[in-house]
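Chemist: If you scroll down you'll find the structure; I have some questions about it.
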Amino acid sequence: MKAMPWNWTCLLSHLLMVGMGSSTLLTRQPAPLSQKQRSFVTFRGEPAEGFNHLVVDERTGHIYLGAVNRIYKLSSDLKVLVTHETGPDEDNPKCYPPRIVQTCNEPLTTTNNVNKMLLIDYKENRLIACGSLYQGICKLLRLEDLFKLGEPYHKKEHYLSGVNESGSVFGVIVSYSNLDDKLFIATAVDGKPEYFPTISSRKLTKNSEADGMFAYVFHDEFVASMIKIPSDTFTIIPDFDIYYVYGFSSGNFVYFLTLQPEMVSPPGSTTKEQVYTSKLVRLCKEDTAFNSYVEVPIGCERSGVEYRLLQAAYLSKAGAVLGRTLGVHPDDDLLFTVFSKGQKRKMKSLDESALCIFILKQINDRIKERLQSCYRGEGTLDLAWLKVKDIPCSSALLTIDDNFCGLDMNAPLGVSDMVRGIPVFTEDRDRMTSVIAYVYKNHSLAFVGTKSGKLKKIRVDGPRGNALQYETVQVVDPGPVLRDMAFSKDHEQLYIMSERQLTRVPVESCGQYQSCGECLGSGDPHCGWCVLHNTCTRKERCERSKEPRRFASEMKQCVRLTVHPNNISVSQYNVLLVLETYNVPELSAGVNCTFEDLSEMDGLVVGNQIQCYSPAAKEVPRIITENGDHHVVQLQLKSKETGMTFASTSFVFYNCSVHNSCLSCVESPYRCHWCKYRHVCTHDPKTCSFQEGRVKLPEDCPQLLRVDKILVPVEVIKPITLKAKNLPQPQSGQRGYECILNIQGSEQRVPALRFNSSSVQCQNTSYSYEGMEINNLPVELTVVWNGHFNIDNPAQNKVHLYKCGAMRESCGLCLKADPDFACGWCQGPGQCTLRQHCPAQESQWLELSGAKSKCTNPRITEIIPVTGPREGGTKVTIRGENLGLEFRDIASHVKVAGVECSPLVDGYIPAEQIVCEMGEAKPSQHAGFVEICVAVCRPEFMARSSQLYYFMTLTLSDLKPSRGPMSGGTQVTITGTNLNAGSNVVVMFGKQPCLFHRRSPSYIVCNTTSSDEVLEMKVSVQVDRAKIHQDLVFQYVEDPTIVRIEPEWSIVSGNTPIAVWGTHLDLIQNPQIRAKHGGKEHINICEVLNATEMTCQAPALALGPDHQSDLTERPEEFGFILDNVQSLLILNKTNFTYYPNPVFEAFGPSGILELKPGTPIILKGKNLIPPVAGGNVKLNYTVLVGEKPCTVTVSDVQLLCESPNLIGRHKVMARVGGMEYSPGMVYIAPDSPLSLPAIVSIAVAGGLLIIFIVAVLIAYKRKSRESDLTLKRLQMQMDNLESRVALECKEAFAELQTDIHELTSDLDGAGIPFLDYRTYTMRVLFPGIEDHPVLRDLEVPGYRQERVEKGLKLFAQLINNKVFLLSFIRTLESQRSFSMRDRGNVASLIMTVLQSKLEYATDVLKQLLADLIDKNLESKNHPKLLLRRTESVAEKMLTNWFTFLLYKFLKECAGEPLFSLFCAIKQQMEKGPIDAITGEARYSLSEDKLIRQQIDYKTLVLSCVSPDNANSPEVPVKILNCDTITQVKEKILDAIFKNVPCSHRPKAADMDLEWRQGSGARMILQDEDITTKIENDWKRLNTLAHYQVPDGSVVALVSKQVTAYNAVNNSTVSRTSASKYENMIRYTGSPDSLRSRTPMITPDLESGVKMWHLVKNHEHGDQKEGDRGSKMVSEIYLTRLLATKGTLQKFVDDLFETIFSTAHRGSALPLAIKYMFDFLDEQADKHGIHDPHVRHTWKSNCLPLRFWVNMIKNPQFVFDIHKNSITDACLSVVAQTFMDSCSTSEHRLGKDSPSNKLLYAKDIPSYKNWVERYYSDIGKMPAISDQDMNAYLAEQSRMHMNEFNTMSALSEIFSYVGKYSEEILGPLDHDDQCGKQKLAYKLEQVITLMSLDS
């Protein structure tokens, strides 16, 4: 996008409000529609990641999805609940052990972590996720929130396998009730058998971090619970491995299904080749030594086709129906498997595949037989890959039963004979790739995924014992479907996964079937017909389905209707209809009858009959509006109980009157009669005028009979006689018969005579028609009587008018005419005529049947071709006139250039054409004429051509191109001479034909066909019998491939450029790109650049008018047409997407936009930038104003065009891709001309001005030199300023784009230093007080102790009295001297006293809040101000109440994102310079704490020696060379004590930084020493740059000491630096919140010397000019706020999302929040407050602003951390954003708004939506009963009842009684309730006891 010119005044607001677009991680959109046009809930992850594994929690229904670099936890509707990142990371597969254990010398690269195994350990409530990084270590994650419980990686047992293929590992958990579980793991080893066992059993310890996690169940020097592949195996099969497809446990055994290579000899061959064999492996669960290992080959066969390559498997039960067929129990285990054809292609399996069933019991029986035979000593162990040599079985006397687990002999064991499964379903084109199965109502169902992304639903126990595929659905695009499929918790949904997409599909789609027949004929056992609801559904979803005939589950149970009568005439009304019903349930509620959309009427139910009436007369016209003699309507029955139509049958209304012929009338299937004398059709025969005029049968109709062809020559008068039957005799007053001929559109009527009922004759007449180009004209003939009564003509008799002379200009053509025409050749005039039209001399007229019927004077008009090879074989075509009438006339009388040419029967056309084949010419023959004789060779029967025929010699010289793809389709041009000679060309490349296309004298063009192999082939050309030889070679090479296309999107109108990379692309001559959408193919052109690159224009989609323009489209097929290469027609590996076309708005209603010259043209619209993931895309727009293009700048909603230098009216045209649009015209007005008076005035003023200028010039001259110098100086400053601005903007942009990976990887998994409950609550309740009295025992002199304790116990009783406590609080609050601090203190003290009685405390709090609400509303304050500030005891108590009750939520859920945000801010701030004096930083969210000038700095990496252990490894620490020494010490301490809480670390002030320079040289570095620079009363703190410490230096932190080095400066430096600076950085005694806003180092003001570090304090004005210059446009540095905000965005979003989610990371909403929000809603209802904004504000003031803002601004209340001033400032900006998000008011922002408001302006609307949704979700939750809440509060009280000293707290509260005793006693005396309980007396007792001195 073109850069916009700088506008300093709006730069910040523009960048902050527009620049930060939020990117969406996940999208939810409909999956591609299936054949049945259904959409499904779909989840897609990050574009760069692929999905690997899927597992569903059977207890919760949550889905865990293993992907590349991520684990997702999804809800059942595929919404993301939690995401856990697992990669990428730096690794190398050759690093063993991995680099996280020891240093690796191999080069490290960023490596993805492929999820290889995903298992739920239900017993310990955790997820086991194993990846490919670090040799295959596993994480154990908590199911609720994916919190990492453990990640063992320090032992070799922890490395499962380094292979990164996701389908290569399988695990099975075996659970025990009282022991640790076992994990059986089977994995491919990727050629590293010495590192990884291929199969093993491991311990699953209860403790996820236990040392024994994943240890082998048994392991000693000789035996272990594992099997490794021997290294010898790899010498036989170098790429040997065992690939594990599926695993499960059943009974006492664990099973795995595998694919493994082996070497076999094909039949009849001695050489061995590698094939893949599918095998089942079995192990005993309790076998620690793996002596029970047995493997057996499996496969299946159908119709002679072997299916041997296992693709997927699933264990299920048999079910009753399939069990009966197989002869097994319904609960027996069946193994459903998918195999592909053959054994050779593992990676590219053939598409032919089969679904097969194995009965597990039969496999076990086969294994038992093998064990028994081996223990009898028969055969060998037969396990070639494990035992390279054949080891014979050993005999042993023992009984082997079904549960035999082997001995240390005869083990492990292989079975040689294959166990064959039962094939139940095969698929030849779309390979099956996954399977899952279950039993539904005794039926066994399998769901199979395919290569193309379809789901096949198969009823395995289909009719007649065959499997029935009853539905196919397109689910994922692109495919294939991956192996892992899973049912939802209720088995009603199926989760299906491809590499890029997870889709939820219902196991049944009953709702798609619209009728009972469709429903029950579908074969889906889930579906039945809910009769009275007229819907296909599951039985349990149908109301009252158990009642008779209300639910049909078999076809014979469908409702059927018959109606009597089933048709009536449209002229009949209110006819009684009787409907016979079958399978109809009881209809006591009544039934209505309807005829489709006509009115309803009540039906009368009589037994199994229903009586209805046909529609009334007024409704019939609505029926007969359509054409035709009948209209079918649905007669429907509608249940009054359900209001649904439940049965219908077809009913016909017929209309006889539409028939206008007898035959159509009486042949109608309805009761129609023909009245032949009235010529009408009627349903009522009584309306016919004569009894004999009624016709009911077709044979009684008047009609013409079939006659032979009626031939009538033109201009010849003759009658036409016709045969007929049943011709009526016209009655009195009726007219007679006529014939009507329709000749070339005009009607000719001829009188006709009826001889009798069977004959009629058209009278003598002549006929004619126009034109000589028609020799035979068929004419329609109609016979009518009485003017318009037609006689039926069922035989469609026609009259044929003909002209002999038409198109028969020669004798031969004349005599070829149909003999029935009686035409002949009249020789005199040379015409074709009838005999009577030829002059009388008979000899002049020739006819075909005559004895002398030979035409003379043959003539040759054309010969083709005129050249041919001497060798002959050329087929010469000779055209002319009179070339004989029979083939025998010319059979032996043709010569071409003197060479015999043999005529061919196939090519002969009598009289017109001869085709003959040339013989071989002699060398002496070169050219000649064509000569023929017709019958006899007399002059009058001979002809010679005017053209010459030439004999040619053909040669070849070259061919281009000389290479092409194996698939063919290359257009090859072969050059040479005379190549157009002859008639037939055959081109061969070796044995492959090249299909002839065209030729000329100099070239032949042909298209190559496909070849099976890559090789060079000789080119041969044969023309007729001439074979042309030349050493030309054509080379077949590998087909082109497509590796990558970019971009993978276009707009719907297409024509966007697409770059394509591949191989051999230069072979293609006519490349095209294609997309198939909506069944239509769309194509566009490509251009090849070189062998590996080409460019294409995306094809446009043709979308219908009803298409929604804002929808994203995915083509069904996308690929390339590359000559004849079929494999790239559909490119499966691309995810090509079409985005909506840009849409522009017109220039207002008038379509004209008026502008001034130079004003930009703005075109508004939408979709101007495609919403592509990543967002960094653009379209090439061209905007023409008139004919001139303009410079374009684009945003998503507008297009800005810099108008060209034009005036007047011009059309604006925008073009992009394949579309163009004109929003209208633009009128650019010229500047208006000036009037004459104005011109005169200007001239006079100009003259005076010139005089004045002349006078001034003299004075100006003197100043010119000085001005020049000043101008140069200013120009130099401007240049410097411009350079700084450009550099800063460039840096800010680069920072904005920086990936936050480093930040997230540093934070992931670090321990969170939560404060304990007591410290946390103290920091909130009593901020700033470290050692509060409530934390220690009450200190009372011994002589007073007993009385004081007694008094406090009595006082405690009063505090626990609600009446007293409320009166006490109200009284205190009414005192003017009772300050805000006092109110907060009393609230906190009361809550500490009532910590053990939270039920009571809650009751008091609710009463106080209710009083506060009443008071607020009575004082007529705005309701929104309630709880806004802490002005009452109740408000502070509310804060404390949430503090107590949300601690668990903080620890388990919200604490993690809050701590991550704090760490992220701290790390981001420390990446750049931080001023130790002012606290300003390069990276900041706060404008107030931003360094506003350029600071030059470098990042150093120092190696630090630990202060605790000098021998420990050096720790690398990143430091900035501009850091002060104290800052360096802080960073080193952070690095060394990374996971140590702040309070347990050494203080920087207690340590010295020692620089070790080698050879024992050591130097103590300090912030101030004798080397510190002082300049003009400014003293600058020392930095690493000051000491010139280089990168890579070794430093150490040592305890504070006075050395000889700094002894000289000790008296001044140590005092200054230690007391003034270092102690300001870290000290104890008050919480961090009280000093978080102080600068890190305080200037030494007493000495008059001003301290500075990076920036001199803004308040001092004595800066150098250069310094001022560097700050001249300091606002430009505000762009760094954007960079910082962008980096921290993820952490802010995570925190806000966690707080505003009702269920996040597995934690439910705390009860306290729901309880308090419900209380506020009750109060609002009570006071009639229904304004949702007020309720929203109350809740926001109650929880987010009262509790969460406090936690965000003060994370040190929750964690043991140190918060510096810059971090505090940033947290304040986040807290302000949090507050704005909870507000209901709109914030109007502009360029003058505070930067922290602008910074998050774009995010706040979405945050507000989160808050509103949060409050709404809480409101929808079921209310919490007081009983449940009290139980919860009692539990909280019990857990923390001893945290505070109650006596000390009571003593603190009592101090307020002492201060306000009279005021407190007064209300107690006057209040009736208090008086009854003698509360005043009891308080006086307390006062007395507490005040006694002795």
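A Cβ is built for glycine as well, from the same backbone N, Cα and C atoms used for every other residue.
Pulled these features from Swiss-Prot for this protein:
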DOMAIN    24-507  domain 'Sema'
CARBOHYD  N655  N-linked glycosylation site
DOMAIN    803-856  domain 'PSI 3'
CARBOHYD  N1007  N-linked glycosylation site
DOMAIN    1040-1139  domain 'IPT/TIG 3'
CARBOHYD  N1132  N-linked glycosylation site
CARBOHYD  N1180  N-linked glycosylation site
TRANSMEM  1238-1258  transmembrane segment
Chemist: Per residue, counting other C-beta atoms within 10 angstroms of the C-beta, which of the glycosylation sites N655, N1007, N1180 reaches the highest number?
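Modeler: Result for the most crowded candidate: N655.
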Chemist: Per DSSP, N1007 (N-linked glycosylation site) is which: helix, strand or coil?
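Modeler: Note: N1007 (N-linked glycosylation site) is in a strand by DSSP.
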Chemist: Mind checking how the domain 'PSI 3' (803-856) divides into helix, strand and coil residues in DSSP?
Modeler: 14 helix, 10 strand, 30 coil
Chemist: Over the domain 'Sema' (24-507), work out the mean pLDDT and round it to an integer.
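Modeler: Mean pLDDT, the domain 'Sema' (24-507): 89.
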Chemist: How does the domain 'IPT/TIG 3' (1040-1139) divide up by DSSP, counting helix, then strand, then coil residues?
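Modeler: Output for the domain 'IPT/TIG 3' (1040-1139) reads 6 helix, 48 strand, 46 coil.
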Chemist: Any idea what the Cα distance is from N1007 (N-linked glycosylation site) over to N1180 (N-linked glycosylation site), rounded to a whole Å?
Modeler: 38
Chemist: What's the CA-CA gap between N1180 (N-linked glycosylation site) and N655 (N-linked glycosylation site) in angstrom, rounded?
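Modeler: Here the two Cα atoms are 64 Å apart.
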Chemist: Taking DSSP as the reference, which of helix, strand or coil describes N655 (N-linked glycosylation site)?
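Modeler: DSSP call for N655 (N-linked glycosylation site): coil, neither helix nor strand.
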